[in-house]
């Protein structure tokens, strides 16, 4: 069992102890951090290291610039720094409250800084010939409009005790990071350029802090996962990282029509300029650069979304896969939570508690204004087909499932599948997180029995080890396993993720010549239900379904007994039609009523190993 689990009984809530300061000379200047003790492991912590010139004045909306000269003063990296400007948001705020560690984030346009945690740095410097450690580079989520490396959930000190170096980066948000001006000095996607420059800073400096520049794993959740998918596709990030982990999200939607075109993005930016009393002449960008930064937060939100057809994203992800113009020389994990959709409907209509078929179709049509190409009639029929008419909330839950498939599950799954198909020599994994957490119910309002969006975050970062009184023993064990899985992947890219004996149900293969990936190995991590127990057998068998695939007139019937694979069939069928179907032939599917009623129980993580 993961060694940190054994320590949980011997640590108090004050699991982090501060000790001596430490100084490192970087390209930004001399940085002073702290050596802290985390679960009996010495970790060097550096907070708020600048990696770029302040993006203010003429650099607002522009690509970030590297620091020209090292700062002459010692950079104080012993305390938190500025978060990027953003609209008020509840993004992960519940985690802060639940852990009694609420932080009032100081927001400022000058926010391009990094956090670094490195274990035993003084004993592992390259000057002494010690081996350098793999690096994990975290990108936070928040719809590209909110988030910060200084939020409590992203304290990576516990994760660093797994003998890896952790780096997290701020990047510009909202209009400051994603306003598209249609010109060289306002190219759009500059939040992605921030991430790119931060990666380059890490490549140039991380050996000074015990990290191996040639073994960097980028990982992120939600919009951070979108960002990782963009880095995988962008020609500008070639060679900057070796592995990637995508947690809930990919920038992969309708292949013929992106969410926002360059023309629409420009019109949205000019509308914002009008609200701020800047005209739409040639000088409107200069005018916006002179507006007080806080005034942007008082306007209607800019339509924030990555813009394709630009230097950073020259072509769509589908086209990049088709033409092999993507960073195919990496290993990949991509996955999602079981109930990504929970609460999504509140973004469209927070007061809706029941939907007729017509109301459902109307909401689908509204979603189509954003994601394009949806067949409202077919979508409505599919998602309402097997709901209980006596359950007044069933139609709302069905709509949320649709949103989860559309926004999170389908893009993430299809990204992993297309990556594996077009990079057959790499290790590619897909997973679905099904671990039910009482902490998440208490902290975020995630309904009992559901595994909501962001449910992975506290376990990936080892929160149970810092706050053992707020987590169960099972949650602590699970967090230890997830950390071991993620860090083992960063170290080796290998499919053997951790030491625990997780049962392999079985495997099946399909013909990759028809656009499907050969050899999917399916593993359910059922922590509560040991293999062979009656409850485990029910847990595995209750979600049986049949699907028939007919490629090119050749019929093949596949029968599976899985808890979760039905979601993937939905992804293939529904999303394949919407986002650029790469599969020849068609799926015909029937999902059991037990699945639709969500009558199953159990905990675990669903994994697909794609070779």
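From the backbone N, Cα and C atoms, a Cβ is placed for every residue, glycine too.
Since we're looking at a predicted model, the values are computed, not measured.
The active site, acyl-ester intermediate annotation in TrEMBL covers 222. A 10 Å cutoff on Cβ-Cβ distances gives residue 222 (active site, acyl-ester intermediate) a total of 27 other Cβ atoms nearby, all chains included. DSSP gives residue 222 (active site, acyl-ester intermediate) a coil state; it is part of no helix or strand.
In the three-state DSSP assignment, the secondary structure recorded for residue 340 (active site, charge relay system) is coil. Around the Cβ of residue 340 (active site, charge relay system), the number of neighbouring Cβ atoms within 10 Å comes to 28. Annotation comment: TrEMBL describes 340 (among others) as active site, charge relay system.
Cβ neighbours within 10 Å of residue 453 (active site, charge relay system), excluding its own Cβ and spanning all shown chains: 25. Annotation comment: TrEMBL describes 453 (among others) as active site, charge relay system.
If you look up TrEMBL, you'll see 22-496 marked as domain 'Carboxylesterase type B'.
If you look up TrEMBL, you'll see 1-21 marked as signal peptide.
In this structure the C-alpha atoms belonging to residue 222 (active site, acyl-ester intermediate) and residue 453 (active site, charge relay system) are separated by 8 Å.
Comparing residue 340 (active site, charge relay system) with residue 453 (active site, charge relay system), their Cα atoms are 4 Å apart once rounded. When secondary structure is read from DSSP and collapsed to three states, residue 453 (active site, charge relay system) falls in the coil class.
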